[in-house]
Structure formats: structure tokens, C-alpha cells
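Colleague: Starting off with a structure, shown below.
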Amino acid sequence: MDDYFSAEEEACYYSSDQDSLDGIDNEESELQPLSSKRSNTQVITQESLLAAQREDLLRVMELLSIKEHHARTLLIHYQWDVEKLFAVFVEKGKDSLFSGAGVTVFDYQYGNSSFPQSSQMSCDVCMEDLPGDHMTRMDCGHCFCNNCWTEHFTVQINEGQSKRIRCMAHQCNAICDEDIVRSLVSKKRPDLAAKFDRYLLESYIEDNRMVKWCPSTPHCGNAIRAEDDKLCEVECSCGLQFCFSCLCQAHSPCSCLMWELWRKKCRDESETINWITVHTKLCPKCYKPVEKNGGCNLVRCICGQCFCWLCGGATGSDHTYRSIAGHSCGRYQDDKEKQMERAKRDLNRYTHYHHRYKAHTDSSKLEDKLRDTIHEKVSKSEKRELKLKDFSWVTNGLDRLFRSRRVLSYSYAFAYYMFGEEMFKDEMTPEEREIKKNLFEDQQQQLESNVEKLSQFLEEPFDEFSNDKVMAIRIQIINLSVAVDTLCKKMYECIENDLLGSLQLGIHNISPYRSKGIEQAAQFYASWNSKDADKFQPLDSGTSGVTSRPEQASGSRSSEDTICSSSQKRPKKEGSFLNNKVTLLDLNLPADFVDQN
């Protein structure tokens, strides 16, 4: 076994059946917390979305003794971070908390928003005298006719201001009561009231830094809440595994920026990409493409970084038309041989890393097809009269193989950018780059060698072996499983501490390694009592909508391009609430079509 275990891993060997009895489970228990511990990520379904939002609203309403729309405004301002909101309240007080979020709460609250029909009142907007029952008063005391209020609400909702509709009185910053908005709008525009409700509900996801939509295609309708750290990889209940930070497929040990660049580089080049490559250069700070539209060689990116167009090096802003203060670079020379040599070297380097990346990706796909075959072998072995009855070591080894293949595959994309001459050219000297590259490649090769050995042993026809041979292959698979897990952990530690940790520009971070694989998000369960639900009014208020069920994300583990999303966008569906359940409406359809359905 010395040919595929390093000396450091010899302590992990199991040389007998008794030693290896629970080798994998014991090793994993040291690396991971107990399964009984509460998951750090939760799945918020359409049914639990309202409960999740109400749980946070209720906590703020009870602590500050305010109405629901005021609590919602505060939570949106603080990105639905209840703990941060409470911390500001304790440190700075209620007045500072409210003023910072733009919330106006009046000491005197008018008890009734409506007036008797017998009274005659004048609206200061349309200047008409109307019966009292045609007028409505907000908490701030400003009173206008229902038609003017409705028009004001309609404009605000259509302009995307549903979450912060303010009073239309001059210089009044009070937030309008959601119940009044819903009641008035639903009488004339039920579809708009449903849209209003949907925006309020989805603000919990779109304005919440701890919650994001699952990027599955077609959309599964779920959202994921990561309570501790957004730098994690998570598995939705629909089966999709993705990076919570960038919403692309799980890609550690690559950073999000590295994976975005690698994904674009591997994609078939279109005319647009060719044009961008020819006419733009990457900013040395944020790495976004910048186009030069004339003028001198000093270029300023939208992030504020100035750089030289000729060499791409970061510079200051002081310059003349012909020179940049404190900066000099080799002028452009038409040296065709050097250009061709560098282009050839870059191409060969990319080809090498892409070939290894693709090889492990393809191997993982082939091994995934063998899963059923291996399970059949396990089933046959369990029916045989063998001393060994438990074959969980096979499935554990298979799971370990898939995880380590994924790590190996993405490690080549990481190495391409980490040890290239573009991304970190100012962070490392050539000598430092070579030393770190050798350190990383040593660990990468050890992991690769052990993974290939594990794959070979799992493909053995152990269902046809004798007792002694089954015991022997069992020890081999358990030892290799423990070894590749240890090597994966060491590779992550090397990347986090020795490679990325030594960089001055800390924009590259990776999700931590998990011995048991990507964490599957648990179902969300509201901790608020059912009696607390009486404090909230139903959000339908007579609105109607088309009931539909979102499609499940069948095949959501397909190509990387189908699940990648550049921003935290809401699915293009709208809805209301019927019987306290979310129903969906398509806002792209005409209102009359929706009403007919």
C-alpha cells in the first residue's frame, strides 16, 4: 500500500477486520458535527415562506410595540437581520433606529381610519367635498378621499414601491398602513392587490442577505436560508447543489470569481466574447472588462481603479495625455515571435488544466452510471452466505469517491488561475509562485493517486469473491476512503491558509470542506405559536389569483450553465393568498386574461 499512501497517512491504516469495523464512520464523526445538531441551512417552501416572514415580524412587533408595516420597513432596511436590528436598538435607542430606516411612528395614533357617512369632508388633492365614508385617514393623521388614495397606491405599486408606500401629504414620510392599501386597491384592481401582496411576501427573500432563491431550472419554488455564513454550499430539497454566494453550481475549492472566469473560458466562444476579448481589458482590481473609448492611456474602471491601457498595471489618477505620473511600462513593440510564443504557452497551459478538469468530470459521470451496478453487487453479496453481512463500506466508499472526484475536478480550475501570470501577478514573485505551485501539486497528485486506486477497488467484482478476499478488499476500500478524505481536508487547508490566505486582496474565499459532503438544507419550521397567528391579518383580503404548482426541478443537476444566476432574482411569477396558501400569478400575462382563468 506504500505506492498510494503517503507516510503521514499511515496512521489511518486499518490492518485487521476489527480495526476497520467502523473506520469510515469513526473518521467522519471527528470531522463533522453530530447529525442531531441543527442544520445551518433551511429550505423555505411556498407554504413556509409566510410563516418564516411572520416569525421575524412578530419578534420585532412585540419588542418595539409597533404595527406590522413599520416592523417590515425596519426589517427590510436591516436586510431582515433581526439580531442586527435589536443590537442597533440596544446601542442607539428607538429614535435612532427609526430615523435610520426612515420610519415615522407618531405618539398619537388615530383609532379609526374611516368616518361616518353623515359627515361632509373635503379632499385636499382633488378638492372635492365628499361624504365621510369616502374618506380614509392614515396613522399620521392625513386624510384624503379613497379615489386619490387608490390612484396613489396604484402608481406606487406599478413603480415597484410596494414595500415602502409613503403618505402622499407634502413632506410626510409616514409609511401607509398595508391593510388600508390592500383594502382600497383590491376593490378596483384585485390583480394589483395580489401583486402588492406578492411583493411584500417576497421582500423576505429579495431583501434578506441570509435567504436566496434556489437557482434550479425549472424553478422548484424553494428558497434557502443560511443563518451563519453565506459562504457555503448547500443542497436544496429539489436535489440541486449550488454555491449560496454566487448561485452557480457548487464549485469549491474554486472561489466564485475563479469559477465564473473558468466557466466563461470553457464555454464555446461566440462573436460577442471574441469582441470583448479584442476590445476590452480586465481591471486589475475587480477583474471586470473595461472598454477604452478614446483619449489617453489612463483608464478608470467603474470600481474607481485607474490602470494603464498598454500594460494593464494599476496606477494613480495623476496623468497627462502622454504619460502617467509614477508609472512607466514597456512601450508596445511589434515583436511577432514573442507574441506567438506567449500565445502558444498560454494555450498549452490552458489545454493541460482543462484536459485534467474534463478527465475527472467525465470519470465522475461514468462512475455515477456504475452506481446501480455497485448496488446490485451489494445486494447479491448480502444474499450470499458470507461472514460479512454489512456492506455499508461499499456505499460509503462510493460516496467518498464522488466527493473527491468533484474536489479534484475543480482543483485544476483553481490551479489555472492561482498559478497563472494574470490574476495574482502582483501578489507573488515568480519564485514564490513556483514554490506554492509545487506544494499544491504534491497534494493534488497524492489525492489523485488515491482516488484512482479507490475507483479501481470499487469496480472489483467483490460479489464473486470468497470470504477472505471480501475482507481484504473491505480493508482496502475503508483505508482509501479515510485517506482521500484526509487529503481533501489538507488540500483545503493549504488553499485557505498557504495560498489564498497570504494574498493582500481578500476577494477570493472558498466554501469550507465538509467530510460528509454538501449539506442538505433542512425543512423550515416556524417557532412561533399558533395563537400568535391571530395578531396578523390574512393577506388575501378578497384578492383572487390563479392557483398553480411550480414545476419540480427535474434534471436540475444538468449543465452548469442552466443553474448559474448572476443575481438574486425573483422567479417571474406573482401571486396572492387563498386559504393562507400562496398562489402564483404570471405578471407577464394581461390582467383580463388572469381574471378569466
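In case you wondered, yes, glycine gets a Cβ from its N, Cα and C as well.
The model shown is predicted, which means the values in this text are computed figures rather than measured ones.
In case it helps, Swiss-Prot gives these features for our protein:
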| type | residues | note |
| --- | --- | --- |
| ACT_SITE | CYS296 | active site |
| BINDING | CYS123, CYS126, CYS145, CYS148 | Zn(2+) 1 binding site |
| BINDING | CYS140, HIS142, CYS167, CYS172 | Zn(2+) 2 binding site |
| BINDING | CYS214, CYS220, CYS236, CYS238 | Zn(2+) 3 binding site |
| BINDING | CYS243, CYS246, HIS251, CYS256 | Zn(2+) 4 binding site |
| BINDING | CYS283, CYS286, CYS301, CYS303 | Zn(2+) 5 binding site |
| BINDING | CYS308, CYS311, HIS319, CYS329 | Zn(2+) 6 binding site |
| REGION | 536-575 | region 'Disordered' |
| ZN_FING | 123-172 | zinc finger |
| ZN_FING | 194-256 | zinc finger |
| ZN_FING | 283-311 | zinc finger |
Colleague: Excluding CYS243, CYS246, HIS251, CYS256 themselves, which residues in that chain have a Cβ inside 8 Å of the centre of the Cβ atoms defining the Zn(2+) 4 site?
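Modeller: Surrounding the site, in chain order, are PHE242, SER245, LEU247, CYS248, GLN249, ALA250, SER252, CYS254, SER255, TRP259, GLU260.
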Colleague: Around the recorded Zn(2+) 5 site, report the further residues of that chain (criterion: Cβ within 8 Å of the mean position of the Cβ atoms of CYS283, CYS286, CYS301, CYS303; site residues excluded), sequence-ordered.
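Modeller: Here the non-site neighbours turn out to be PRO284, LYS285, TYR287, LYS288, VAL290, ILE302, GLY304, GLN305.
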Colleague: Within 10 Å of the Cβ of CYS145 (Zn(2+) 1 binding site), how many other Cβ atoms can be counted across all chains shown?
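Modeller: That number is 22.
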Colleague: Whose Cβ, among the binding-site residues HIS142, HIS251, HIS319, has more other Cβ atoms within 10 Å than any of the rest?
Modeller: HIS251
Colleague: What is the one among the binding-site residues CYS140, CYS329 whose Cβ has the most other Cβ atoms less than or equal to 10 Å away?
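Modeller: In terms of Cβ crowding, the pick is CYS140.
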Colleague: Considering only the recorded positions CYS148, CYS283, CYS296, which residue has the minimal Cα-Cα separation from CYS329 (Zn(2+) 6 binding site)?
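Modeller: Comparing Cα positions, the closest of these recorded positions turns out to be CYS296.
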Colleague: Relative to the mean position of the Cβ atoms of CYS123, CYS126, CYS145, CYS148, the recorded Zn(2+) 1 site, which additional same-chain residues have Cβ within 8 Å?
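Modeller: Going along the sequence, the neighbours come out as ASP124, VAL125, MET127, GLU128, LEU130, PHE144, ASN146, ASN147, TRP149.
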Colleague: Within the chain of CYS301 (Zn(2+) 5 binding site), which residues six or more apart in sequence place their C-beta under 8 angstroms from its C-beta?
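Modeller: Expected: CYS283, LYS285, CYS286, LYS288, VAL290, PHE307.
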Colleague: Within the same chain, and leaving aside CYS308, CYS311, HIS319, CYS329, name every residue whose CB is within 8 angstroms of the centroid of the CB atoms belonging to the recorded Zn(2+) 6 site, in sequence order.
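Modeller: The surrounding set, listed in chain order, is ASN297, LEU298, PHE307, TRP309, LEU310, GLY313, THR315, ILE324, HIS327, SER328.
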